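Q: Please find one structure pasted underneath; my questions will follow.
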Amino acid sequence: MGKLMRLISMAPLFLLLCLPFAFGGHDYNQALSKSILFFEAQRSGYLPHNQRITWRANSGLNDGKASGVDLVGGYYDAGDNVKFGLPMAFTITMMSWSIIEYGKQMAANGELGHAMEAVKWGTDYFIKAHPQPYVLYGEVGDGNSDHYCWQRPEDMTTDRRAYKIDPSNPGSDLAGETAAAMAAASIVFRRSNPAYSRELLRHAYQLFEFADKYRGKYDSSITVAQKYYRSISGYNDELLWAAAWLYQASNNKYYLNYLAKNGDSMGGTGWAMTEFGWDVKYAGVQTLVAKFLMQGKAGHHAPVFEKYRQKAEYFMCSLIGKGSRNIQRTPGGLIYRQRWNNMQFVTSASFLATVYSDYLTSYRGSLKCAAGNVAPSELLSFAKSQVDYLLGDNPRATSYMVGYGNNYPRQVHHRGSSIVSIKVNPKFVACRQGYATWYTRKASDPNVLTGALVGGPDAYDNFADERDNYEQTEPATYNNAPLLGILARLAGGHGGYNQLLPVVSPASNPVIAKLKPAPKPKWTPTPASSSSPITINQKMTTSWNHKGKTYYRYSTVVTNKSYKTVKALKLSISKLYGPIWGLTKSGNSYGFPEWLNTLPAGKSLEFVYIHAASPADVSVSSYNLA
């Protein structure tokens, strides 16, 4: 478990020269599929019928019972069997951000549904863990007793006590990060499951209010977390991070004003960072606020938001070796922060570089570094170099993603993968027996932990594939979460649309910020044959101005008015000049989205698009009734 992060060093870090390596032409689509699959191996609770990691079984079925709350579900963070709330929430935030930015590319690879299921597995658990507005359960299990044993999650005999924060025992960092996760995930499900999206946003509002009103570090309340996930950076970064995500999810100016009002006092405009991860969120906040600034949303807050942007660019310049203080690299070119699970910083930093590259490209801007102006493409090239390294383009020719390539770690520091599957041998593995029989076994894991990204090499590109080498061979969910977005981007390209154009929804009203009700939108029916059982209605839901041009967001609802199920629906869409979400393009027509195969009687589907014109012409090309 990766756990205790080093204090943020302000000492200079020196860029080492990168050795040239030939690129092997990696299969980013395959890597994306595998990296999503890893999350299924980390599932706790009752596994679903479509579980693809079949060597796992149900576990943690009494979690929360002693506290009178259902805490079954969620994710084990790494190679152990504890559910730690802070890194789990960061994992869900970063998975959601990956989908928000690059869901279209994931859909093209057939992985969007799997990625959304991975997010929902986490958010379903957070809903349970947040039974009251000012109560949040932040840990199940204890790292000390868990580490004393080496057992499959299905055999656990360790303490499964649940730990919570409340007004008397606050945890603003934990509540803030969970608010960010719920807000980001609400965007993910806004179209496919609007009721669930609204539920997530409601939890996000409450959690933010809890975090902001009752301030304190969570590990002062849940002290058993200190040895493993201590909040060294405090909670100010999480409060800003949550506010940024709530603004993105709700379009509510309360949160935009919060970012402006508290930017200086909470460090958002002051901290110049060279790391980003489950503890320190400042670089992520700065990247999001820079996006708001480029979108023209800052208004009179522009001077404050410009300071956020400058700090975001400080971080980006440090990644590519062109800043005033640059991140250290190994001789092979991998950015290096610490010995223990360094890969978490590689993927998180590379994700920020990827999205910022696309933001700048859309904005037609350049990166302003101490060494001069830099083209946005350099940031994407940097991210690609890091991904290629971890997939095998490194001095050892080792893939640090389990199951990718031919030379990958075989002795992963992971209880479930290192012990024979309970489905193969159901004989109980006792607490200490696991160490004697399985932990010390000098052989490959009986279960391949497909897609897991391990801790990675040391500062000199050295790596020892040994189970007891936990600093290098242990995986973690927060290693993989940011990687999903980068792999989707590298596999699918930019997507052919302006990354700055948001999927904007009408602002929702939290208790703490009342807004004027939006005018009721007018529906524009699309002409259809009177005999057609399918109706199409469009409405313009919002508009905004960017660089003197007015963009409109249109919502289109397709309804099956017949008494039969519609299959093989094909829509013709002309006069469309922007991105579209919620349909799958096939040739010159559009069909059902990936998550939908049919449209039952009386049901509707919704898709949205953005362009700077009147509504597109949408009509039904063909369909079958069954």
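Easy rule for this one: first residue shown is 1, then count along the chain.
Backbone N, Cα and C define each Cβ position, glycine as well.
Checked TrEMBL, it gives:
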SIGNAL    1-24  signal peptide
ACT_SITE  HIS413  active site
ACT_SITE  ASP465  active site
ACT_SITE  GLU474  active site
DOMAIN    534-614  domain 'Carbohydrate binding'
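Provide an account of the burial state, proximal residues and distances for the features listed.
A: Neighbours of HIS413 (active site), defined as other CB atoms within 10 A of its CB across all chains, total 25.
Cβ neighbours within 10 Å of GLU474 (active site), excluding its own Cβ and spanning all shown chains: 26.
Across the domain 'Carbohydrate binding' (534-614), DSSP classifies residues as 0 helix, 52 strand, 29 coil.
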Q: So what's the average pLDDT for the domain 'Carbohydrate binding' (534-614)?
A: 85
